[in-house]
């Protein structure tokens, strides 16, 4: 059921002003090949692509598009979706940009960021301005508007830690809504927007960031050690958020392939959460197993460690293989050395091969992280 929230007056006014001279045809590419619009570089032919350059275009565009029978599908940066060969849908591609300071004092700053802004560029912008909290999320691909859907996270930080509010358009009812953080129902790699996939177009995301350069989160992996070496190279004895950001960028660049060079959609599997008792049993058999206590009863296990330990790094079913340096990432080799683009079926073959292998060896079920889209633009949890 859709939560009930008040319409944003400023957004509604902007939309109404655009109605009189709105020309939908200027925004449409038809038919549209989406190969360049998804980081896995899967060939996907859609009915049409509607590029929304201004927030004021959202309401009139959707009103006109819904006069037809074809479903609507929101495609942001395309970094977390597995697309079909044919997509019988009208694809909405929001690219509007802008960053506004809503409030600021000596301790913090509140921002509102348009959904078309590049996520990593936002992280760089905030840290370089002395606004901290997003630095651990550096180099995550995609756009700001898609970040809440998956509640993106990395190196001990999740988006929800800094998020304050969201403005979004509900496609089924064609109404604007404001969400506080609590309304978003965030969980590990999950949110209301993911649970109600395909129903929302997020246009603005609000953040509250701090200005305390001594407050860092560097307890994850090798971040602290590398961040300290960066600080010392700059003649500083204590690490700051900028050191954490650059350390994470260095780590990610050393382990993760650039989607522009070797197509991928980032971490393909979620880190599974298992019972602490099961983890203790596995730890007895595999002393090097990597896990992080969630609570007294549950431990989160590093999926990459499981895949690597199972001997699956660099393995899979051509042309989709796990990356040679980071087993958690599936890469599409067909984009480099084949005239035949990879398909959903190719990805599914490698996905299920890895899932079976991990289940057989460790008794753990791996869950896919990117969302699966069928030809009718429906998001599916399976296969």
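Placed from the backbone N, Cα and C atoms, the Cβ positions cover glycine too.
Note that this is a predicted model, so its numbers are computed, not measured.
These come from Swiss-Prot:
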ACT_SITE  189  active site
ACT_SITE  267  active site, proton donor
ACT_SITE  369  active site
DOMAIN    42-212  domain 'FAD-binding PCMH-type'
**Message:** I'm trying to understand the geometry here, so how far is the Cα atom of residue 189 (active site) from the Cα atom of residue 369 (active site), in Å to the nearest whole number?
**Reply:** 8
**Prompt:** How far is it from residue 267 (active site, proton donor) to residue 369 (active site), counting Cα to Cα, in Å?
**Reply:** 7
**Asked** Far apart in sequence but close in space: which same-chain residues, 6 or more away, have a Cβ under 8 Å from residue 369 (active site)?
**Response** 80, 150, 189, 266, 267, 268, 269, 270
**Message:** Let's check the environment of residue 189 (active site): how many other CB atoms sit within 10 Å of its CB?
**Reply:** 18
